[in-house]
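One structure below.
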Amino acid sequence: MDESEFMDAASNGNVKTLERILQEVCPNIARARAVSLETALEQTCNFHYGLMDYTPLHAACDQGQIETVAFLLKSRAQHMLTDKNGSQPLHVACGKGFPEIVQMLVNSGASLIHKDTLMGDLPIHWAASKGHVEVIKVLVQAGADLKAVNKEGWSPIHRAAFTGHHQALEYMINKNGPIDSQTLHGDTPLHLAARNNFLDAVHVLAAKCGARKNICNNDGLLAEEATHNESVRAIIRGEVKEMPKSAAQDPLAFILSGR
């Protein structure tokens, strides 16, 4: 079988090509290996390819090919197989933000939401890192653990704070996610959002959701001390209750206006 052709078809959503290849190859594999057609089908759909060791299911998830994912799952593609980083197809779909595919994969095996990568990241870490709220909703409804931490002690809320995705932050906190948990370095989500000067994320954490401001990290720094941005510091100190509605408006000027 031409594995590159199969992978290209999976990536591009060409289900007809996948069907043709399977119809051509599986009977020959079954005869040569003295296995059933079902086993031959499973062996054909599950191989690793390329620098990332993606399977066809990884490739389809990466490109958001909903019909192809459904076809591959029906054709005995294994959703538990991992790439070179220990990522399953579900991780890939979560990171890319495809809620329909995420739901499809969760339906095929709910335990997938609890499988981590080599770095200890769960699928919800990947979704949170990219701020994919609709994906996070699917995972939470399926029982994803918002308190789960990776090998660095990062929860999904830490991931969202570090990348400044304030809407994902607010959703997870409202679902009882740990707002003040600390990484192995002692950083809270507020430390991470402040250090990266994400004003909206800092506002969600400090002003809207009541993150503690008196926690020091392992360097002895409060969140306010983790940044040199005066707008961020003002938000943490409680000097601003609402953010400017226009991203073009200077945040510090907005704060100094007395809001």
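Don't overthink the numbers, they just go from 1 along the chain as shown.
Placement of Cβ uses the backbone N, Cα and C atoms for every residue, glycine included.
Automatic, uncurated: that is what TrEMBL annotation is.
Given the structure is predicted, the values throughout are model-derived calculations rather than measurements.
The repeat 'ANK' feature in TrEMBL is assigned to 52-84 (among others). Taken together, the residues in the repeat 'ANK' (52-84) have a mean pLDDT of 96 on the 0 to 100 scale.
According to TrEMBL, the feature repeat 'ANK' maps to 85-117 (among others).
Under 8 Å from some Cβ of the repeat 'ANK' (119-151) lie the Cβ atoms of residues 85-88, 90-99, 102-103, 106, 110, 112-113, 157, 159-160, 162-163, 165, 167-168, 171-172, 175-178, 181, 183, all in the same chain and six or more residues away from its ends. What TrEMBL records for 119-151 (among others) is repeat 'ANK'.
With DSSP states grouped into helix (H, G, I), strand (E, B) and coil, the repeat 'ANK' (152-184) comes out at 17 helix, 0 strand, 16 coil. The feature repeat 'ANK' is assigned by TrEMBL to 152-184 (among others).
Annotation comment: TrEMBL describes 185-218 (among others) as repeat 'ANK'.
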List, by number or range, the same-chain residues at least 6 past the repeat 'ANK' (52-84) whose CB is under 8 A from its CB atoms?
6-7, 9-15, 18-19, 22, 38, 41-42, 45-46, 90, 92-93, 96, 98, 100-101, 104-105, 108-109, 112, 115, 117
